[in-house]
There are 4 protein chains.
Amino acid sequence: MTSQMEDKLQDECGVFGCVAASNCTTPVDVANIISIGLIGLQHRGQESAGIVTNNASIDDGMRVHKGMGLVSAVFNPIILKQLDGNLGIGHTRYSTQGKSEIINCQPFVVDTKYGKIAVAHNGELVNKSKLRRDVLDRGVGLSTCSDSELITQLLCLPLDSEKSLEPDWTGRLRHLMLRTPASYSLVLLHGGAIYAARDPFGNRPLCIGRLEGDVGGKSPDTVGWIVSSESCVFQSTGAAYIGDVQPGQVVKVTNTGVTYTTAVNSGQSAFCIFEYVYFARPDSIFEGQTVYDVRRRCGAQLAREFPVDADVISTVPESATPAAFGFSRESGIPYDEVLAKNRYIGRTFIQPSTRMRKLAVEKKFGVLVENVRGKRIVVVDDSIVRGNTMGSIIRMLRSGGAAEVHVRIASPPVKNPCYMGINIPTPKELLANKLNLEETTKFLGADSLGYLSVKGLLSCVTSGRGKLVENGHSPETKSNGSCGTGHCVACLTGEYPVQLEW
Amino acid sequence: MTSQMEDKLQDECGVFGCVAASNCTTPVDVANIISIGLIGLQHRGQESAGIVTNNASIDDGMRVHKGMGLVSAVFNPIILKQLDGNLGIGHTRYSTQGKSEIINCQPFVVDTKYGKIAVAHNGELVNKSKLRRDVLDRGVGLSTCSDSELITQLLCLPLDSEKSLEPDWTGRLRHLMLRTPASYSLVLLHGGAIYAARDPFGNRPLCIGRLEGDVGGKSPDTVGWIVSSESCVFQSTGAAYIGDVQPGQVVKVTNTGVTYTTAVNSGQSAFCIFEYVYFARPDSIFEGQTVYDVRRRCGAQLAREFPVDADVISTVPESATPAAFGFSRESGIPYDEVLAKNRYIGRTFIQPSTRMRKLAVEKKFGVLVENVRGKRIVVVDDSIVRGNTMGSIIRMLRSGGAAEVHVRIASPPVKNPCYMGINIPTPKELLANKLNLEETTKFLGADSLGYLSVKGLLSCVTSGRGKLVENGHSPETKSNGSCGTGHCVACLTGEYPVQLEW
Amino acid sequence: MTSQMEDKLQDECGVFGCVAASNCTTPVDVANIISIGLIGLQHRGQESAGIVTNNASIDDGMRVHKGMGLVSAVFNPIILKQLDGNLGIGHTRYSTQGKSEIINCQPFVVDTKYGKIAVAHNGELVNKSKLRRDVLDRGVGLSTCSDSELITQLLCLPLDSEKSLEPDWTGRLRHLMLRTPASYSLVLLHGGAIYAARDPFGNRPLCIGRLEGDVGGKSPDTVGWIVSSESCVFQSTGAAYIGDVQPGQVVKVTNTGVTYTTAVNSGQSAFCIFEYVYFARPDSIFEGQTVYDVRRRCGAQLAREFPVDADVISTVPESATPAAFGFSRESGIPYDEVLAKNRYIGRTFIQPSTRMRKLAVEKKFGVLVENVRGKRIVVVDDSIVRGNTMGSIIRMLRSGGAAEVHVRIASPPVKNPCYMGINIPTPKELLANKLNLEETTKFLGADSLGYLSVKGLLSCVTSGRGKLVENGHSPETKSNGSCGTGHCVACLTGEYPVQLEW
Amino acid sequence: MTSQMEDKLQDECGVFGCVAASNCTTPVDVANIISIGLIGLQHRGQESAGIVTNNASIDDGMRVHKGMGLVSAVFNPIILKQLDGNLGIGHTRYSTQGKSEIINCQPFVVDTKYGKIAVAHNGELVNKSKLRRDVLDRGVGLSTCSDSELITQLLCLPLDSEKSLEPDWTGRLRHLMLRTPASYSLVLLHGGAIYAARDPFGNRPLCIGRLEGDVGGKSPDTVGWIVSSESCVFQSTGAAYIGDVQPGQVVKVTNTGVTYTTAVNSGQSAFCIFEYVYFARPDSIFEGQTVYDVRRRCGAQLAREFPVDADVISTVPESATPAAFGFSRESGIPYDEVLAKNRYIGRTFIQPSTRMRKLAVEKKFGVLVENVRGKRIVVVDDSIVRGNTMGSIIRMLRSGGAAEVHVRIASPPVKNPCYMGINIPTPKELLANKLNLEETTKFLGADSLGYLSVKGLLSCVTSGRGKLVENGHSPETKSNGSCGTGHCVACLTGEYPVQLEW
């Protein structure tokens, strides 16, 4: 489904890493675990996938496999078997920078003075134009226009401080952070170590887990570690959540354990608010709370901000279901389904005739007539970007016999571009920049319309933080982020956490 | 997802037909509408897809395109453009008979004395062995082992009664019905007409709709007609529901309208109960009621038959959601989600290692911890076949902190094979034949377990019939079906509607 | 290379069969031998390929694999391994009848009252329209418009004379010969036997060989038998030539040996003359002589019929080389190469610009300047059909500095259509129907032009017959063929061997 | 066909460039011409192909298309249309360095400080290990292990002498030549210019041609220029030969014309002798003579060095045909064909069974019995490397009835590795290192065996030089090459032209 049809913002990537412990009795199939991790991160990017593994004990070069399409199309058991090794990294991609081509697939692998390194990242470099000029001026040719290659070549440059024969990757990552403040969560593979790093603003998520030997057993052995954009993959890989990588932190993982280094202390944080609103899987944990819980609180808050007299609370399946449940519980109005979804609609080809274009939404959904006829319905959605879908939904419900249709959006209007990796339409295309609330209501054909306030959203995001803390790695509340809560809400408010230099 | 992983019964096919009206001002793109219809029937079969069109005014031969895979993979705008014509039929397939090969894809097209015919069907011939022998004895070679070719060659044989130069397709279909009582819902394309027919027992669904000129407008023009396995596709193709094809009925559709003929009056009906339980899309209408409504009633009935003291009613996403809502509403216990689903798991390759096999279910679902921890949970599912998934779900919920897990199944235990097109495992593999209720409860690790009774299921199916009747084509209640209600419940009770001859 | 570019007639198919002997000590890999045989017959058709095998001792159904493209693209070791069995047949196809689609690939396999049969053939049924009507009138639907399916369904019909439970395939083949006189060389596989048959006119070639145990050894064991369109594959499969299948003969091959039956004795023969002129591989043996030898004699005869004073005899690489050698030896003028061929030109995409179209022949050939400059050159070619290539060749030679260019064609002008399987352009497109000899010479830009006479051609074909006879299966000279020599020269003279009925 | 089966040395690449003249009235389709050029160079590499074009007037970035396989598989008219522009370069590859993967396909394109450049080359850097270390030490990551990327990154490094804003590509190429003496013939594309360069030893061929407006006309307009590994493509692209790029020369081509710069004057030359012996197409011109002519002289010289009393001179089709003609003419013994070649054998899958492996050569060739039986045959071949084919050929001829078989090789024995881009087996695998002449004769089963002497080969190569000189760009005879004639014969003598440093 293209962004255009989904009417949703698009995140760009998922990163994953895995290291087997040296003393584990059960052998850990690293490539297999990475593939499962990437399948669990598939919602962050469906365009291409790649895995790179290394066998630190043999060290005869990296195994690399990358391809266009879903993880399940790019990999199979035969390919995974060839990706042997005791550590590795992986990536799934939605392209914001660089064309959709195999050459732009991550992880990006290059040979260096110290042997091969592989880099995979999520995010976008805010000052990439300047960085690119610097690299080219040094006489380095760049074979892609991707940020990954740029980051990789920046990391290849020796530091003045390096005296030893071994490169100081933590130092080089610190140097990278000093040259570019945002936005990247990355994993770097070299020799027998993986380095996981988040930019000083912590704009993109990244977390660490511990692989358990006897899956689900009591106090199980540690057989390895994983690094992942989201924690939702931990259950499926048999891992326990350790904690988030902190903004500006570099975490080195080897077969003997995990080492944390604060490379840059920015004293602030700007975690992307849309990870909570739409991007992340609901069972992922950020800042000690599940995304599901935040979304339900947003729905409840929305019910308080824009109450409505209605018979049914419902949603457009299926990302806004938790918000709709929250709205239902807070308002006391029962939740019910009003639309059945066609699970097989997929990336269908665009229909050329006018008649068929009119029916684009009808292909995706069918009205459940008995639940709609004569009812006053509240449709809760998580966000509206261009507003190209909701109008059709409302028409379908009305033609199914709905008495009233009220729209409630569990996030504020999107008004500004993102420079940190989110694919936002141009300001002119954003519905909130074209019409005011009253005009939008009319445009959609709704009986009423309400957006969650920025303040309301931030209160929902902060009120549950730390509920699920484990292992003492409690997330600290950063104080001077762009909104004071440590979250980036630039696309909603226009206040950017970083001064841009082009 | 294979049947094995899904632990669900599998239906085999969807059939679709479309005829443009002669006097329509708006041109109707027949191949386009068929492709949308097939996408809407994709849940009935994902193995292959095919479309055949004819241009009755030119009559220079049929256009055929078939291929392995999803409709969206087999067709694209260029191919659809080549499939011009003013009428056509289509098919999506899940293979029960015949290997999964391109040669077995439907519609099956042959040249006859009267020009080409194309046939697509859903169902399985109960006496196919005898029919096959008859055809081979006549000296006809059969190039596949599919029922479609068998039906087609049976229809090619001239009737003694045929005097005219034109074949009497309705008569031939009647002749077919006399030779084989079940199970087939089929569409036949010849020249400028489509013939839609259901076997005398009406075992598989088939319904008729009217294409509207100004989609969604008031009293719109009729620009054509469609025939479809399920009515859920009517909204997406811009059609209004006319009614079900009746058991033993042949419906001829040309560019001037629709003609109904009762070919065989069996005086009874045996509509497959699993169309309600699991196969059909919830927004489809059978016998004047939506499937969603039946499923919700089943959930409510289940709550009456097996009440339980609990904190949360939930389900394994997503087919049993209506039943869970029904259970929740009847019991007064709130519904909530306990599992997040990975939408991208798809047909993933099987993981070889033991560790990974253990985690197969974890790849598909993530526990929503806050909704589970310390709660007494009721998991409602629509059916259990082999029971290979529910045990893992319960373990996941318990390791997520659930206090109790109670399982409620909104259909009776499946105990017997189906000879009418449903892919049921061998009796030995069926959980209900291996363990009694108590043993099953223990096997699953549940705190309690309850199945809906056959009587309860049938009462839910019959109590809402006719609620949504339109256009006077009211479905009549058949009296002497296998259970007296006109439904086939042989897989549940062992009482088959048809005496089998091999 | 398309027929259009090649300016050559196109033959349509190669057929092959293999049966392992029952008592052979060395196991014979039947599918492997068939694949090698088909590669050796690839020059007869490059559009699709197929192999069907049977394991007569197990008899659990045929193994079938067919696909579009070259043999080497359709088959690989894994597929061949799945095609186990102790006998089988294969086919390579150039489509004259039936579209270029997978459904039309041979062998054609159908189930009959007596189990599966597979049929592969080379040729075209001269009265196919009538035969098709007969089959359709019987109430048999035909799923393709290929002759193969027609032949197969004709063979499925039981004979009145058949009393036993086993079908009389030889009798049925005789019946087929009585209904259609030409043109087909076919192999039929059923159970543990292969039946090889040539039509009563012997229009297409077919021969039998004996597989040797110790390849190339003295008096080696017989480990099986093969049937092939041409004998050129015998060396590559380790077989010795037994003899041609005679016109109207049915040869049954089982694991115990070969049985010959004269099914129809037409008393005449009409073997396609173009098998000698162009179609067959030069190392194939027909009527006891190699094709190479015939072609060389044609070149020599041409030198006698149209002598010329020149410096160099040459050819357009590479099919007419033997004729050019014959011309050189007869005339005493030395042979030399004047063109280098690009072996990789293959099926290149058509170039759109005028400039590039002009250079189409230049892409295929480069002039060898030193051999051309100032020389009087004779270019010998085997045939001219449309005449679209020779003109460009002559221009290239002249621009390379040739003093004179004389063209000699080692066959008579093609003037009439073929109804027996050869793809001849419409009469209007044939150069010989558009221009007389003088006009053609001018059109081509040649200094002189000569075609071999029909009489000369036939004398070259008959003068060496029987030189290589082995094993006592000496080919008999048929007396009353269309030209008295037992060869079909209808495309040259317009005298057809069969009275056509449509 | 793999090198192993062919028993031939393998060259690695073909490079091509094209620039349209600014004032040409006929538009020149640059991408089309490059594709035709690459098809004409396909014999130099069939593994991958790529084209890069630039539109110098718009300068909005390069168009790149690369893919695995033959030129005709990688490109089609739609792709060529997208490669618009008025200049471009192309490449076909046989991989010696770097794995056979899409990432290693050439041309290699990188962005530099001055915009994108593209580089394609033929050859291998003799000191690549040192060069690679230098680049990595500078902190540049290398994403492939190909020489192309290494050359490209070396060319990206600014020169100290560069003052202007524009890069001095000729200067940088000179700098490259000073750092690595061999072996490379390369084309570099930047902005509106192509730079063609040959290493100081001229080890690999490269030549320049002029595109003619009215193809084949008298004194036609110049509409552009081409650069090509070989001149055999000139006819097919409508170009006239200007001359070879000289060793150490840089030729800059823009839309106004061609500029020649002698970057490095090594005073010697080491042109690969195997370009004459086997690699190049016979119609290509090197040093003012056709390859065909050299090969024929080699055959004649061989007849003088190793005369033999025989009935027939022949060859293994088809690369040694000119040498066989030369032998025949010199000896007075007639030339005739003894083997028919299967043109479709292609890259067939390897046959697993022993029986089939024995018949590997029989699959490729069929004996022409009449030309062999009772004859004393001389088989002339151009080279023997491993000797894995000739033995089988001789066995085939003997079993076809040959009285005697004498082998004559038109080049000396290959005994030493090549460090300049030719894929030579390890010394141990070379037949000439395993057996002496007598042993080899016995091993092959020949009646006698003779190799051309090094001295004889060099005399044949030098005696015709300059015969075809045009336009005043006469090739100068270099005096102090490895053998005094300006040719590299290291693989034959072990005397390398360059002192190797690793």
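For all residues, glycine too, the Cβ spot is worked out from N, Cα and C.
Because TrEMBL annotations are produced automatically, they should be read as predictions rather than curated entries.
Feature list (source: TrEMBL):
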{"type": "ACT_SITE", "residues": "D:C13", "note": "active site, nucleophile"}
{"type": "BINDING", "residues": "D:C272, D:C418, D:C488, D:C491", "note": "[4Fe-4S] cluster binding site"}
{"type": "BINDING", "residues": "D:S319, D:D381, D:D382", "note": "Mg(2+) binding site"}
{"type": "DOMAIN", "residues": "D:13-256", "note": "domain 'Glutamine amidotransferase type-2'"}
Next on the checklist: Just to confirm my parser: what is the rounded mean pLDDT across the domain 'Glutamine amidotransferase type-2' (D:13-256)?
Outcome noted: 90
Checklist outcome for this item: Simplified to three states, DSSP reports D:C272 ([4Fe-4S] cluster binding site) as strand
Checklist outcome for this item: Residues lining the [4Fe-4S] cluster site besides D:C272, D:C418, D:C488, D:C491 (CB within 8 A of their CB center) are D:N203, D:I273, D:F274, D:M420, D:I422, D:V489, D:A490
Item to check | Residue among recorded positions D:C13, D:C272, D:C418, D:C488, D:C491 with least C-beta crowding, 10 angstrom cut-off | outcome: D:C418
Checklist entry - Which residues, in sequence order, are found in the same chain with Cβ within 8 Å of the centroid defined by the Cβ atoms of D:S319, D:D381, D:D382 at the Mg(2+) site, excluding those residues themselves? => result D:K8, D:Y278, D:T315, D:V316, D:A320, D:A323, D:V380, D:S383, D:A410
Next on the checklist: My understanding is the cutoff is Cβ-Cβ under 8 Å with a sequence separation of 6 or more in the same chain; which residues meet that for D:S319 (Mg(2+) binding site)?
Outcome noted: D:K8, D:Y278, D:D382
Item to check | Winner by Cβ contact number (other Cβ atoms within 10 Å) across the binding-site residues D:D381, D:D382 | outcome: D:D382
Checklist entry - What kind of secondary structure is D:C418 ([4Fe-4S] cluster binding site) part of, going by DSSP in three states? => result coil
Checklist outcome for this item: Taking only the CA atoms, the spacing between D:C491 ([4Fe-4S] cluster binding site) and D:C13 (active site, nucleophile), expressed in whole angstrom, is 19
Checklist entry - How far is it from D:C272 ([4Fe-4S] cluster binding site) to D:C13 (active site, nucleophile), counting Cα to Cα, in Å? => result 14
Checklist outcome for this item: Rounded to a whole number of Å, the separation of the Cα atoms of D:C13 (active site, nucleophile) and D:C488 ([4Fe-4S] cluster binding site) comes to 18
